[in-house]
Every structure is written in C-alpha cells, then in structure tokens.
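Some features that Swiss-Prot has for this protein:
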REGION    1-229  region 'Pyrophosphorylase'
BINDING   8-11, Lys22, Gln72, 77-78, Gly139, Glu154, Asn169, Asn227, Arg332, Lys350, Tyr365, Asn376  UDP-N-acetyl-alpha-D-glucosamine binding site
BINDING   Asp102, Asn227  Mg(2+) binding site
REGION    251-460  region 'N-acetyltransferase'
ACT_SITE  His362  active site, proton acceptor
BINDING   Ala379, Asn385, Tyr386, Ser404, Ala422, Arg439  acetyl-CoA binding site
Amino acid sequence: MTNYAIILAAGKGTRMTSDLPKVLHKVSGLTMLEHVFRSVKAISPEKAVTVIGHKSEMVRAVLADQSAFVHQTEQLGTGHAVMMAETQLEGLEGHTLVIAGDTPLITGESLKSLIDFHVNHKNVATILTATAQDPFGYGRIVRNKDGEVIKIVEQKDANEYEQQLKEINTGTYVFDNKRLFEALKCITTNNAQGEYYLTDVVAIFRANKEKVGAYILRDFNESLGVNDRVALATAETVMRQRITQKHMVNGVTFQNPETVYIESDVTIAPDVLIEGNVTLKGRTHIGSGTVLTNGTYIVDSEIGDNCVVTNSMIESSVLAAGVTVGPYAHLRPGTTLDREVHIGNFVEVKGSHIGEKTKAGHLTYIGNAQVGSSVNVGAGTITVNYDGQNKYETVIGDHAFIGSNSTLIAPLEIGDHALTAAGSTISKTVPIDSIAIGRSRQVTKEGYAKRLAHHPSRSK
C-alpha cells in the first residue's frame, strides 16, 4: 500500500491579525505545520506535497527537504489548492491523505486509523468526521437512510435540516489518488462562496456509484482548525494537557499540572518532581529524580539525575548529576556544571565550565571561565571578562579558594590550591599553593569618628 499526503498551507489567516502565515503560529513550541507534518509521518507517505502561497519562503523553510512544494498563487478554495498538487501526484497508484496545516491537534494514531479504515472498506474516498455539540460553521455530513455518506454541505449552503446535523467534516480526507485528480477536473465554483470546494468530489463519486465512507474521531478536540487567536489558545490548552498527561503516565509527578508549560520536544525521565509554574522549552531533558521547584524556567538544556533547581532560569546549559541551582540563579548559554556543583542564590554563570563539587553560593558572576573541582567561590565574586571590545577567560584551578568580594580581571589564571583574600582585585597570575592579596592595608585612626558630624557627641 502506497500512501501520499497533501498538506494545505497556502492561506494567509486574516483572522489571526498577524504578519506571520497562519500555519507558522506555534503551539507548545512547534509551528502548527510542524505538528501536522509529524502526525502525517505516521502513515509513512511515499511523497508529501505541501501547498504554499502567502509568504511561501517562510513556510517552505520550516519543512525544508522533508516535503515537495507547490505554489497556489490565488486562494480559490480547498479544491483549487489540491489541484495544485496534481503536477506532483497525477497518475500515481495509491491513497492520498489531504489535511489542513492549521489542525495541530490531529494525532498520528488517528491518521493511521483513517488510512486503515479507508483501505479495509475499499473506499474511493473516506472523510474524517467528528460529532460536534455546536456544529455551526462546519461542513455537515449528510447520510442516507442506510447510513452511507451522500454529500458534504458547507454551512452557507446548508438547508434548515442540514444545519441541524451534528456530524461535521474535519477537513481531512483520504482518496484514491488517481480518482481524486480525475474528479477535481469536474468540480465548479457554483456555490455561495464562489470557490472550488474539495467536498464536491464526494457527490461526483456518489454519482458514479463509487464508495464513500466516513471515519468518526473519538476525540472532537483533534478536529480543531485554528483560524484566530482564540482557537490558538484553545489548541495550546489541549496540547499542554496532553503533554503533561503523557509525562505523568511515564512516571513524572506534577504538583499543579494546570500551571506548568512544557513544550513538545522536552523529554523527562521517571521520578521527576515538578512543582507549579515551571516552564520547560525547546530540546530540554530532565534526568531521573530531579526536582524543579516553583517558578523554574529551563530552555534547551540537559539536566542530569538527582538535581534540584529552585526558582531559577537555565538556558542552553548542561548539568551533571547531583547539581543544585538556586534560588534565583541564572545559568546562561554555554554553561556546563559537573557533578555535585552548587550554584546558589543570585549567582549568574555564562559560557563557563565548572568542575565537580565546586560551590558558588551567593551573589556571584562567573563568565567565560574554566573553574576546577572543589573550588569555593566566595560571595560577591566577579569575573571581569569584558574590556569593552573583547571577552577574556578566567582559569581557576582545583581546590582554589576565592575570597568574598574578589574581583578577578581576565585574562587571569589562578593555580590549584591557591587563595585570594577577601576584597581583593586580582589581575595577575596566582601560582599553585599561593595566596594573593590585592587590597589596600587597613588604616585605623582611633577617636577620629568623634570629629565627624554624625557622631552623637556633636549634637550636644
């Protein structure tokens, strides 16, 4: 059995009120077009053809070499859009799935079931339908007394009886490929919209006594077509629920799943605990046994097993097992933390590698640095890595002790087991096993404070 797919992605999406093509609006981190294309892969199409139009280069860039593309210059209806794919698919034996690029909730399982139903029932066309509590705006499925599909009627063309029908057309179909393009040559624009309706091929097949079937979705949510921001928010809500439920089934605990945002490509191992208001985006992985507390935000990062991240932001970073971060820490892109590193409150790390069991507990900035293992970085330490034109590296050896409020002016190297005194400004190499003091000596003037205006003795 050879399958093909046509994805309709040419529309502008006027009701979105956006310069961005409709199918490129995102749901849970992926464009709607990407969601649809991932689901289409479930039927293993020999060839996928995407119909593009408005801002076609932007749309083409999303799928790149995963699909063939045809251009619809004028948007003259769904039938016209499918006609554009004729140059790619005409004359081929097999079954063709037609699906809109703005239906991000459709699942691969449903599309595979649709194809199987189509093949098993030897249909020339099979419509994916759903039962709607409020069918207004949808095309209605009209059946005869034997339950056979006889036509699909659009909302504007439906009579009073047809408008009461609850079974609706989702806009997804499977056709015998050859018969599809033969039938498209027979449709006209004689309807309320003045467009080529793809649905008109059903009547053509029926007139030729060819078999047309309908496969009813179990979950109405899958039928959602996104035409405005309200529907986009609905799709986001449904997708978020799906994602959190999937992770819960796989052994992840959510304390307040309604407040958590997890994008589609995030992976989470079992026995992770996620508190409320956590955001996980991009290609992030969370290792087993890790705890993410309230307010944590992680994007494109790998978090190892048994880590604890407390109300902190992590971007494009890698954390080994047993790392603790936060509260209120910020790990910026290019950060790597080895096993059991501790990054404490109000610590910022950027473009740095920090060795195992090193601790930076408070109020510290570490940028463009290579920090060894078992280093203690005192509160208020700053790596001065930028001179206004270039960035420079700081290297700190194993078991070094960086005193509180140290200012480390790069380029700089501090050797193993070296120590910098609290309050020092260090700008030269500190050898192994050395102590560096870079501050003025304390001068104490006894009794001098009595001469100052604020002293209590001055107010008498």
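Each residue, glycine too, has its Cβ placed from N, Cα and C.
The CA atom of His362 (active site, proton acceptor) is located 54 Å away from the CA atom of Leu8 (UDP-N-acetyl-alpha-D-glucosamine binding site).
When Cα-Cα distances from Arg439 (acetyl-CoA binding site) are compared across the binding-site residues Leu8, Gly139, Asn227, Tyr365, the shortest belongs to Tyr365. The DSSP secondary structure for Tyr365 (UDP-N-acetyl-alpha-D-glucosamine binding site) is strand. With a cut-off of 8 Å between CB atoms and residues at least 6 apart in sequence, the same chain places Gly11, Lys12, Gly13, Met16, Met32, Gly101, Asp102, Val226, Asn227 near Lys22 (UDP-N-acetyl-alpha-D-glucosamine binding site), listed in sequence order.
Annotated pair Asn385 (acetyl-CoA binding site) and Tyr365 (UDP-N-acetyl-alpha-D-glucosamine binding site), C-alpha to C-alpha distance, rounded: 10 Å.
Nearest in space to Asn169 (UDP-N-acetyl-alpha-D-glucosamine binding site), taking C-alpha to C-alpha distance over the binding-site residues Ala379, Tyr386, Ser404, Ala422, is Tyr386. If you take the Cα of Arg332 (UDP-N-acetyl-alpha-D-glucosamine binding site) and the Cα of Ser404 (acetyl-CoA binding site), they are about 22 angstrom apart, rounded to a whole number. Residue density at Arg439 (acetyl-CoA binding site): 15 other Cβ atoms are found within 10 A of its Cβ, drawing on all protein chains shown.
The average pLDDT computed over the region 'Pyrophosphorylase' (1-229) stands at 95. Long-range neighbours of Gly77 (UDP-N-acetyl-alpha-D-glucosamine binding site) (same chain, six or more residues apart, CB within less than 8 Å of its CB): Thr189, Gln193, Glu195, Tyr196, Tyr197, Leu198. Packing around Asn227 (Mg(2+) binding site) is summarised by its Cβ count: 16 other Cβ atoms lie within 10 angstroms of its Cβ, all protein chains included.
Of the candidate binding-site residues, Ala379, Tyr386, Ser404, Ala422, the one lying closest to Leu8 (UDP-N-acetyl-alpha-D-glucosamine binding site) when CA atoms are compared is Tyr386.
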